[in-house]
Amino acid sequence: MLSRKGIIPEEYVLTRLAEDPAEPRYRARERRARFVSKKGNCNVAHKNIREQGRFLQDVFTTLVDLKWTHTLLIFTMSFLCSWLLFAMVWWLIAFAHGDLAPGEGAAVPCVTSIHSFSSAFLFSIEVQVTIGFGGRMVTEECPLAILILIVQNIVGLMINAIMLGCIFMKTAQAHRRAETLIFSKHAVIALRQGRLCFMLRVGDLRKSMIISATIHMQVVRKTTSPEGEVVPLHQVDIPMENGVGGNSIFLVAPLIIHHVIDANSPLYDLAPSDLHHHQDLEIIVILEGVVETTGITTQARTSYLADEILWGQRFVPIVAEEDGRYSVDYSKFGNTVKVPTPLCTARQLDEDRSLLDALTLTSARGPLRKRSVPVAKAKPKFSISPDSLS
């Protein structure tokens, strides 16, 4: 029986049907783990924390950071435990005063209508949540019962205050507002005013504005110091420009934030080939500001890996003037178009400006036009001579 390898050429094997046989085969490089996800979550797992008690020193923040199921479970258990604890206290008071045996006890009980632990538990719930059915009440017979009544009311108010505060903070957290702050899926590198620039687009879907909005950008990459120390997450700040100078932005409409790649930029030696080979590079973008309606500071984050940066492309315009006002077409928010861009690093472009001149000359000529071929006039099938008219 003939083997499959002998009758089927290698370029038509199933494993290579989607490949080009003329190109060499490369081993797929494992993609670098993100430090910040596209949605802004930090991809960090904390392990082997020895001092767990530090979380209990800030109980309120710990409760707010917990999941909803855990938070509601803790408050439910807090109410049940407090009711059971004070029910035991009320039962002990009634037992010590002899109120559990009405025939043999005192004439005036400490708490009326308590004859068992069940009735003591019901009275504990009535006291703490101020239901007030009226069937059970504390009398003047036992000063200790009056003191326990005051303590249970204070404990109930404290639990209610903490619960309401946690629920309010969890529903009004800053990251809820950040859900409507959007970034472009890809970043681009193209020429702007003769310089290579790293650009991205940011927008706000809500009509309520972000006050004092600022934007920051950092490059995170793995580096090695001259002494041989390996820094897995080396963070370098890079300046952003938005047309008005500084990091402050007026985010009333989508903006294109750009960073000029100059000699002080960590992207100065970045080449187009580095983007295709998944270079160990991540650019983190942080947008921060104050919510106009609530006054809470919010922060939106995203990141771009090397393969999410498009070289030689530019964002399409999405803001147009219609009927006396500006309209934004968010369906084109992340759309880009190709533009002439030198395939070299910013360092090479600064050292050899002729690359830019050649690119400008090529773009000035424009695309090749189809050569017009003159069309020969067709000869008439018959002609009229002057002699035939005479």
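Every residue gets a Cβ built from N, Cα and C, even glycine.
Lifted from Swiss-Prot, the feature list:
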BINDING   ASN48, ARG50, TYR330  ATP binding site
BINDING   THR130  K(+) 1 binding site
BINDING   PHE133  K(+) 2 binding site
DISULFID  CYS110-CYS142  disulfide bond
INTRAMEM  117-133  intramembrane segment
MOD_RES   THR341  phosphothreonine
MOTIF     130-135  motif 'Selectivity filter'
TOPO_DOM  1-65  topological domain 'Cytoplasmic'
TOPO_DOM  172-390  topological domain 'Cytoplasmic'
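Swiss-Prot feature annotations superimposed on the structure.
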residue : record              : DSSP class
ASN48   : ATP binding site    : coil
CYS110  : disulfide bond      : coil
THR130  : K(+) 1 binding site : coil
CYS142  : disulfide bond      : coil
TYR330  : ATP binding site    : helix
THR341  : phosphothreonine    : coil
Inter-residue Cα distance where the pair is TYR330 (ATP binding site) and the residue listed as 'phosphothreonine', in Å: 26
Residue pair ASN48 (ATP binding site), PHE133 (K(+) 2 binding site) - Cα distance, angstrom, rounded: 52
Sparsest-packed among the disulfide-bonded residues, when each Cβ's other Cβ atoms within 10 Å are tallied, from CYS110, CYS142: CYS142
C-alpha spacing of PHE133 (K(+) 2 binding site) relative to CYS142 (disulfide bond), in angstrom: 21
Where the record names ASN48, ARG50, TYR330 as binding ATP, the maximum Cα to Cα distance in Å: 48
Per-region confidence, the motif 'Selectivity filter' (130-135) (mean pLDDT, whole number): 74
Protein Cβ atoms within 10 Å of THR130 (K(+) 1 binding site), excluding its own: 9
From recorded positions CYS110, THR130, PHE133, the one whose Cα lies nearest ARG50 (ATP binding site): THR130
Nonlocal residues around TYR330 (ATP binding site), in sequence order (Cβ under 8 Å, 6 or more apart): GLY203, LEU205, PRO254, ILE318
Under 8 Å by Cβ from the residue listed as 'K(+) 2 binding site', counting only residues of that chain that are 6 or more apart: GLU126
Distance from CYS110 (disulfide bond) back to the residue listed as 'K(+) 1 binding site', taken between C-alpha atoms, in Å: 19
